[in-house]
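S.K.: For 57-61, 130-136, ASP161, ALA263, GLY332, HIS383, ASP448, the entry in TrEMBL reads (6S)-NADPHX binding site. For ASN58, ASP126, SER164, the entry in TrEMBL reads K(+) binding site. The AMP binding site annotation in TrEMBL covers LYS418, GLY419, ARG420, TYR421, THR422, GLY447. The domain 'YjeF N-terminal' feature in TrEMBL is assigned to 9-218. Annotation source TrEMBL lists domain 'YjeF C-terminal' at 228-507.
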Amino acid sequence: MKIFSAAQVREADAYTIEHLPITSLQLMEKAAIQCTQWLETRYSQGYSFHIFCGAGNNGGDGLAITRLLRQLGYEATAYLLQYTDQFSTDNRANQAALHSQETAAIITLQPGDKFPALPEHAILVDAIFGTGMSRPLLGFLAETVQQLNALKDRYTIVSIDLPSGMLADESTKDLLSVQAHHTLSFEVYKLAFLLPENASRTGEVHILPIGLHKDYITQTPTRYELADTALIQSIYKPRQPFSHKGTYGHVLLIAGSYGKLGAAVLSAQACLHAGVGLLTVYVPEAGYNIIQLAAPAAMCLVDDNPQQSVQFHEAVTADGAGKYKTIAIGPGLGTSGDTARAFKKLLQRYRSPMVIDADALNILAAEKQLLDLVPPHSLLTPHPKEFERLFGPSANDVERLEKLAAAARERQLYILLKGRYTAIAGPDGAVYFNATGNAGMATGGSGDVLTGILAGILAQGYAPKDAMVLGAWLHGLAGDLGAAASSQEALLASDMVQYIGKAYQEIAGYATLQHPSKNL
Ligand SMILES: NC(=O)C1=CN([C@@H]2O[C@H](COP(=O)(O)OP(=O)(O)OC[C@H]3O[C@@H](n4cnc5c(N)ncnc54)[C@H](O)[C@@H]3O)[C@@H](O)[C@H]2O)[C@@H](O)CC1
Ligand SMILES: [K+]
């Protein structure tokens, strides 16, 4: 699912009006009908709706919603904010339509007016600004939004298209905006909905179709895309009947140190469940029994050092050629000087794409010139702090995404930035977001599972970008299925491993399980 900028959304509206037998006012009506239906299914007749409307088309939506709700028998009042007398054409048309229905339905709010008194079962609808928002909210507008936000613990706030004050595709981190419980947005996700900095502003996002022209949507290139089931199913390759274990690659996983061998176990198990042909796990001596018992399907190579691996480069021949289709390095590895030196030697020998995570990323961050040795098209999986250590700080989430795309392009790497909506960038600069996963996955070992999955998928012959997108989806879906079976609180990284199989079933379309990711 493509993510359009505010300018592209406006173009999509204009293209639709030009190429389909629909006027701008009719498109607004469709948007309002969708919102009204959503409100109607959610709230019974006992509720009254208080709809705060701006002077543009977002306000026009609000006025139309007021009229439609009243037609359904709800109590609904539009508060038209008088910060300007420049109303858009469709806004005026909807004022007239509402006036002709029943004049008392519109109340004008002027600067200095008292905020309306609200009954107990009130729903506040924010239709002040949408994609036309172009500058910070000031004066009367800022006061109105502050008053709405002050009521958010008592009343539900539903924003139309965007919480007013929020920009669709730029950071509004330090600016005032409505803090909605629900955002009803049209046709496509906006970048702003995927940014952690907006977590308290959008609430739950619901995308409602309004029939924008398919040609515009399919033909217009975008910088950002949200992975959906169609994309995942186009990436996924079922196993071939005449294949053998050699078909699915051999991974060398270098992970674990004394006290952190669980990381190696989780990664190894995830790699095996992800479908790798063969797995060799390289651990310090202390890990031998642990790996052999916890992952009997894997082979084990042991470092002479009892506690930390320091010679793993020797597992690869001096020219880097050999049996390993890919190497995954980092979970629980440790960052001692000897480990860092072995990592440098490994990078000098092995030139195929690797999966680099956790302590291996920390070693790169501490010795940045090592980044130049990372094989092109390798997969790096930092969380925001690791990303910052590697590529520097960012003033806001949008700047961080731009840094992510630039780093991937300049260094010819695939970088996966972990988060609620994990962002994945490749050398072409495009950014994919992953929507599967839940807060239960914010638990120790979750990242180790992802590393194992990514290595297991990459070794099977998927292109690095496909491995990243599929791997992130699979990891999140396994977490969602695990949480559905118990709870987010109780979810452990080992549960994610156990649900990789079911997640594959869903992707392959075998399962009958219902899951929210199906709606994407
Ligand atoms: N045909 C269409 O174009 C459709 C538009 N729709 C709605 O229309 C919205 C976009 O409408 P508009 O382009 O009229 O824009 P808005 O209604 O978001 O904003 C109206 C105008 O307010 C002014 N403004 C922006 N920020 C301001 C600020 N901080 N203080 C004071 N004034 C400010 C700008 O001049 C802006 O154009 C969408 O978000 C959506 O809700 C929907 O009805 C679907 C169809
Ligand atoms: K709004």
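Placed from the backbone N, Cα and C atoms, the Cβ positions cover glycine too.
TrEMBL: automatically predicted annotations, no manual curation.
Keep in mind it's a predicted model, so treat the numbers as computed, not measured.
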S.K.: Out of the binding-site residues ASP161, HIS383, TYR421, give me the one sitting nearest to ASN58 (K(+) binding site) by CA distance.
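M.R.: Among ASP161, HIS383, TYR421, ASP161.
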S.K.: Would you mind pulling the DSSP three-state label for LYS418 (AMP binding site)?
M.R.: coil
S.K.: Of the binding-site residues ASN57, GLY60, SER134, ASP161, which one sits closest to ASP126 (K(+) binding site) when you measure Cα to Cα?
M.R.: ASP161
S.K.: Validating a neighbour-count step here. Other CB atoms within 10 A of the CB of THR131 ((6S)-NADPHX binding site): how many?
M.R.: 24
S.K.: Out of ASP126, HIS383, GLY447, which binding-site residues have CB atoms lying under 6 Å from ligand 2?
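M.R.: The qualifying binding-site residues are ASP126.
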S.K.: In Å, rounded, how far does the Cα of ASN57 ((6S)-NADPHX binding site) sit from the Cα of SER164 (K(+) binding site)?
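M.R.: So the Cα of SER164 (K(+) binding site) lies 13 Å away from that of ASN57 ((6S)-NADPHX binding site).
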S.K.: Looking at the binding-site residues listed here (LYS418, THR422, GLY447), whose Cα lies nearest to that of GLY60 ((6S)-NADPHX binding site)?
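M.R.: Going through LYS418, THR422, GLY447 one by one, the closest to GLY60 ((6S)-NADPHX binding site) is THR422.
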S.K.: Taking the center of the Cβ atoms of ASN58, ASP126, SER164 at the recorded K(+) site, which other residues in this chain have a Cβ no more than 8 Å from that point?
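M.R.: Residues close to the K(+) site, other than ASN58, ASP126, SER164: PHE52, GLY54, GLY59, GLY62, ALA127, ILE128, PHE129, GLY130, SER159, ILE160, ASP161, LEU162, PRO163, GLY165, VAL178.
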S.K.: Can you figure out which of LYS418, TYR421, GLY447 (the binding-site residues) comes closest in space to SER164 (K(+) binding site), comparing Cα atoms?
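M.R.: The smallest Cα gap between SER164 (K(+) binding site) and any of the binding-site residues is with TYR421.
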S.K.: What span in Å does the AMP site cover, taken as the longest CA to CA distance among LYS418, GLY419, ARG420, TYR421, THR422, GLY447?
M.R.: 14
S.K.: Looking at the binding-site residues ASP126, ASP161, which sits with the largest number of other Cβ atoms within 10 Å of its Cβ?
M.R.: ASP126
S.K.: Determine the minimum-neighbour residue: among ASN57, ASN58, SER134, SER164, THR422, listed as binding-site residues, which Cβ has the fewest other Cβ atoms within 10 angstroms?
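M.R.: Counting other Cβ atoms within 10 Å of each of the binding-site residues ASN57, ASN58, SER134, SER164, THR422 gives the minimum at SER134.
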